[in-house]
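Enquirer: Can you keep this structure in mind? I'll have questions shortly.
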Amino acid sequence: MSTAVEFDLIVLGGGSGGLAVAERAVQYGQRVAVIEPAHLGGTCVNLGCVPKKVMWYAANMAHTRHEAEGWGFAAVHDQIDFGKLVAGRNQFVDNIRSYWGGYANELGITVIQGKGVLTSASTVAVNDQTYTAPHIVLSTGGVPFVPPVPGKELGITSDGFFDLTAQPARVAVIGGGYIGVELAGVLRSFGSEVTLLDMLDSVIAPFDSMIREVATENLRTLGVEMRLPFRVQALTETAEGKFITSAADEQLGPFDEIIWAVGRAPNTRALGLDAAGVTVQPNGIIPTDDYQNTNVPGVYAIGDITGRAPLTPVAIAAGRQLAERLFNGRAQARLDYNTIPTVVFAHPPIGTVGLTEEAARAEFGDQAVTIFETRFTPMRYALSAHGFKTAMKLVCVDEEQRVVGLHLVGDGADEMLQGFAVAVKAGLTKAQFDATVAIHPTSSEELVTMKTPRDSA
């Protein structure tokens, strides 16, 4: 190999987290290299939140067209031009990629195209070139997981969903987590026949029980066929299409596409972690302390590979805090992983922050927990026959009724959550919520007007 090129910081992975730490470090005068084998922006920009949100907006427009008749407009039921939508979405993504390329160059970040492999705790090899730095950040994200069942190759992953150029008429989505629920909602909104399967008896399993219940009801209202629980044994294909067989020998199909959405795995294979002495768990997760340190001094990990809150804003925030600690003298800078808001772009969307009711009862005891909950059909559907239920829950603890959890399902939940997440993060009480003047008529006013605890209603 040729002589090693020196930097102050090397980042493996040009996704949101990696770019965040690189951006902040170079602003503090550091020589920074980002090593990326594909496109800058990572999963979020290229195969995740950004293209997914475009599809979600399009699906919302499909809903609005169907609801129009009740409001005095002529209903429109034409099929979507899927190819046109995909072309527009891809152009939007390309524009963001171009922005990041130009912005990185403008900042003075060296972007190295290729697969980076650690050869020691301070050196990285890319093809036949070696790079060295006293600080190396691992930020390689996650990849879709596909279970090892016969015929697994007959299904596509969420990555493959974004390669589709034609709308599949009959679709099975395997997995009732947030990715599966989002994709099922989008495709059903476009008019595809959608069957959602999961090995558990509810969707969005880690979320609050109210969310699981109402989200399932809303999916059924949307027209998604739910098969819960259903344990996939094999995938097969005939001239009629693709089929799914369960462990109980039940067969579903035919389908035009089967989408695997059973989770994501840390992208930590073939990184040379052994050569650097970095500890990695059997499931691929790289454990870190509260300051993103791995077990090897000078090697850090952020984002999905740490197994902690695999969300783009979390990776960004962790990367910025790490740069502050390493290069701006803030020795105690670290990300607080508590009370992180999360949104699922289902139809309608789901928002949650803080503890679920179940977690609060486990932590504080049943007697210390008070629940305020409401369910209703929002005013948006006053003149429409296509309404979805909205549900809201406040989880409060102790005599002061501090709000430790807030859970939403319904139209606008995605935009409501950010402000209320600040309130939960700040430790506000139910009395402080009640003292806030409600904005009327809105769905969000329910969060500051609920008076009677659920169990005494």
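Every residue, even glycine, has its Cβ placed from backbone N, Cα and C.
A quick note: this is a predicted structure, and the numbers were derived from the prediction, not measured.
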Enquirer: Which single residue out of Gly101, Gly102, Gly263 does TrEMBL record at the NAD(+) site shared with Gly175, Gly176, Gly177, Tyr178, Ile179, Gly180, Val181, Glu182?
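Expert: My reading of TrEMBL gives Gly263 as the candidate in that site.
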Enquirer: Using Cys44 (disulfide bond) as the reference point, find which of the binding-site residues Lys53, Gly175, Ile179, Val181, Gly263 has the shortest Cα-to-Cα distance to it.
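Expert: Considering only the listed binding-site residues, the nearest one is Lys53.
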Enquirer: What is the nearest of the binding-site residues Gly116, Gly175, Ile179, Gly263, Asp304 to Cys49 (disulfide bond), using the Cα of each?
Expert: Ile179
Enquirer: Lys53 (FAD binding site) to Gly177 (NAD(+) binding site): how many Å between their Cα atoms?
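Expert: Computed Cα spacing between Lys53 (FAD binding site) and Gly177 (NAD(+) binding site) is 17 Å.
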Enquirer: Just name the winner among Cys49, Ile179 (the recorded positions) by count of other CB atoms within 10 A of its CB.
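Expert: Most Cβ neighbours within 10 Å: Ile179.
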Enquirer: For the recorded NAD(+) site formed by Gly175, Gly176, Gly177, Tyr178, Ile179, Gly180, Val181, Glu182, Gly263, which further same-chain residues have Cβ atoms within 8 Å of the site's Cβ center?
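Expert: Result: Val173, Leu183, Val203, Ile204, Ala261, Val262.
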Enquirer: Which whole-number value in Å describes the distance between the Cα atoms of Gly177 (NAD(+) binding site) and Gly116 (FAD binding site)?
Expert: 31
